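Taken straight from TrEMBL:
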- 1-88: domain 'S1 motif' (DOMAIN)
- 104-175: domain 'S1 motif' (DOMAIN)
- 198-263: domain 'S1 motif' (DOMAIN)
- 282-353: domain 'S1 motif' (DOMAIN)
- 370-439: domain 'S1 motif' (DOMAIN)
- 459-528: domain 'S1 motif' (DOMAIN)
- 554-627: domain 'S1 motif' (DOMAIN)
- 649-718: domain 'S1 motif' (DOMAIN)
Amino acid sequence: MLLLGCVKEVSDYELAISLPNGLSGFVPVTQISDAYSKLLTKQVAQGELMEELNSLPDMYSPGALVRCIVTSIEKSDDGRRSVKLSIDPKKVNKGLNPTALAAGMLLSGSVLSVEDHGYLIDIGVTGTHAFLPHQKAKNYIKAIKKGPDLKIGQSLNCVIVEVKNEGRVVCLSIDRSEVAASIATERQNWTLSNLLPGLVVKARVQKMAPLGMKLTFLSYFTGIVDFMHMDPEKSMSYSPDQVVKACVLSVHPTSRAVRLTLRPPFLHPGGAPRQLPGQRMGAVLEEATVKTFYKQFGAVFELDDGTLAFARLKHLSKTRKSFKPGAFKEGSKHKCRIIDYSLMDEMCIVSLKHQIIEARFLQYQDIHTGDVVQGKVVSLKPIGMQVKVADGIRGLVPSLHLSDVILKQPEKKYNIGDEVKCRVLECNPGGKKLILTLKKSLVQSKLPVLSNYEDAKPGLITHGFVVCAREFGCIVKFYNDVKGLVPKNELGSEPISCPDKVFYEGQVLKVMVLKCEPQQERLLLSFRLSSKPGPENKWKSTPKEKQEVKYQIGQIVDVKIMKKKDNGLEVSILEEEDNVVAWIPTLHLSDFVATSKLLWHCLREGDVLPRVMYLSDKGEHIILSRKSAVISAVQEEQVVRSFSEIQPGMLLTGYVRNVMPFGVFVEFPFGVTGLAPKVSMSDKFVTDTKDHFVVGQTVIAKVMSIDEEKQRVLLNLKVSECSSGDSAAESFALLNQYFKELKENRDLLRRGEPSICELVAGKRVHLVVQDVREDGSALFSGSSVTGLTVIATRYHLGDKNIAPGEKRKALVLHVDALTSEVYVSLREELLKQKP
């Protein structure tokens, strides 16, 4: 089907064309002309830019009329139809042959090549050479202001000035006055097979009808003018046999139906319809008056400024069922919104649908960088996720931006149809390009949005994401492709030798602007959000600030106990200068929970604890740990510093943070946490998790799997799985450590409770029976156990019957310094053994 269209938008890859009756279509870059397609193919093959190849925006401007032919109608997934067009003269003028060409004919041409005296024009007629002299083109070139020459692929409205050699050579003109004066006549021998849209004809009114009228033209042709294409000023004054000027709008190849327009801008070839003022697009009008209602098509409204607007049937109500034709009587008023403008009909297209009137966005121009938008997942592709923000507005979430961490399997987290909350990283309405991010830290950020270099003032703190980490530092990106460099010395308070090991692509971090040169688009940034201490600006002695400057996880310090509290020790870090306050939780005094409690019991305020490790700075305090297994893991670099470093199969040393009925949560240095489910907790069958682990216990865990979307790590705590090879050596090392810590505790105990320190397992003591309890156990006293509770269980009393007051020899089995309890045995086989 041949149609007259008007260029609505121009991008590098296609022309958006406004068609009659509010329709629109697209001309892909490959459907401009043969010569242009050849240049494109050549450029792609050579891989370099060619001088003679101009982009579509260099050749086409919105508002220009073009003849098109429909090449295909494609149906998208959501049921929308997309009309693909071609303006290639070979397709548009395919009905013409050399013998049909006549002087005065108006047709489409496309620049084929630039010659010395003019241009060779492709008019799509095989066997005909068309030439356009410079003289006949200069006024047109001056008027369109697209450069000193016409460009290959440029579409032209041409008038045939002269035909030579039976149509094998034709001479053309594109002079505006000559084109505007050309009227199709019978002498030009137009036939139904080669009739072209855009031809202006003299026509006679044959018949009037409510939805339009029938005309005859060029002697024996008939055509239809529908209600949208009558001259609005004269629509009521037409009468049969009246002669009018009309322009061919479309020619249907099979039904041979010809449609015409009587609208003034089309009655001079080369004219251009008027555009809608930009600010009207998207406007909501409280009262639009119904001018006419057509039950098969829709309604024509008169707007507040007197212009006409059209609403299609489907835009008059929410659903087909809720549509009430009675509500659209002539003169009735309705609230509507301008959703489009049809250049070919010179009419606004409006919608009465509530959801469209209330919609936040109608076109790409309504969306601004930094906006938080709701969207629906349309598709998942390797490059990222397509999100529908509104009707006709789609955005792309690149794979890097699907989450705060890089997702290996996004389909596990997102499903088509899911509602997602995104933030606009970049919006280019001209190219209909919308880039979004789903990174929570960016979407929820309350910091300023940095979308141009002019706003990057020194001292500004904002969120950015790492796009590259190398030995020279990190490149961080913001909105609208604004990017800057964080040099190596600004990556942290301590030197970082391998930034690529610490930072990862896509990581969102707070950054501070140090320096910006907007003209050069150069931006210098820092991850250190506090300024460097100057000599005159001594750091205040708050723990938080001191820790930011001085300490890193893994650093070993000596501390002095300032206060003993129920759940830990408040200590000061021994330094040359001011003391910094820190906290050692009781559970972090030793790898062994029982030893931790005993050590807390033995220590006094003022004691010095050597070799304690800096663990974290969560909350108010710096947290320190004395767990030797954790300290050696950090020192030997057998740790993970961030979630992204974790790999299945790793053996990591950590400590139990929580014991739940379904499993055990284990925390590791640098703050990474994992879960060991009930089935992976022990080699034995687990009935109650509390029977196997206690909070604070040091454990070695094996990483089973990682769920990057939920940032979860699953662990295995089975002893059989968590050995690095030489399990005997590991066990002896642990036992050795345990006895070493017991000895340290005994030395501390001597200060306050010397008697309990003398009692060691295996020592023989003389005791007096105090009491025999109901359960068969007995209590003892004696000079060597003054102030202690001495117990022998029923089994350890042996076969002898004992009575209170009797003297007995006993063997020490266990001393519990915390409860001041001593367990002894009176059994002969133990007492006989040599000490």
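Counting begins at 1 with the first residue displayed.
Even glycines carry a Cβ here, placed using N, Cα and C.
Unlike curated records, TrEMBL annotations are generated automatically.
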Handout entry: For the domain 'S1 motif' (370-439): best-contacting stretch of 1-88, 198-263, 282-353, 459-528, 554-627, by Cβ pairs under 8 Å
Key = 459-528
Exercise for the section: Establish whether the number of Cβ pairs under 8 Å between the domain 'S1 motif' (282-353) and the domain 'S1 motif' (649-718) reaches at least three, counting only pairs separated by 6 or more residues. Expected result: no
Problem - Per-state residue totals over the domain 'S1 motif' (1-88) - DSSP helix, strand, coil - result: 20 helix, 36 strand, 32 coil
Problem - Contact call for the domain 'S1 motif' (1-88) and the domain 'S1 motif' (198-263): at least 3 Cβ pairs under 8 Å, seq gap 6+ - result: yes
Practice task
Find the average pLDDT over the domain 'S1 motif' (649-718) in the predicted model and report it.
Solution key: 88
Practice task
Tally the residues of the domain 'S1 motif' (370-439) by DSSP class, grouping H, G and I as helix, E and B as strand, and everything else as coil.
Solution key: 7 helix, 38 strand, 25 coil
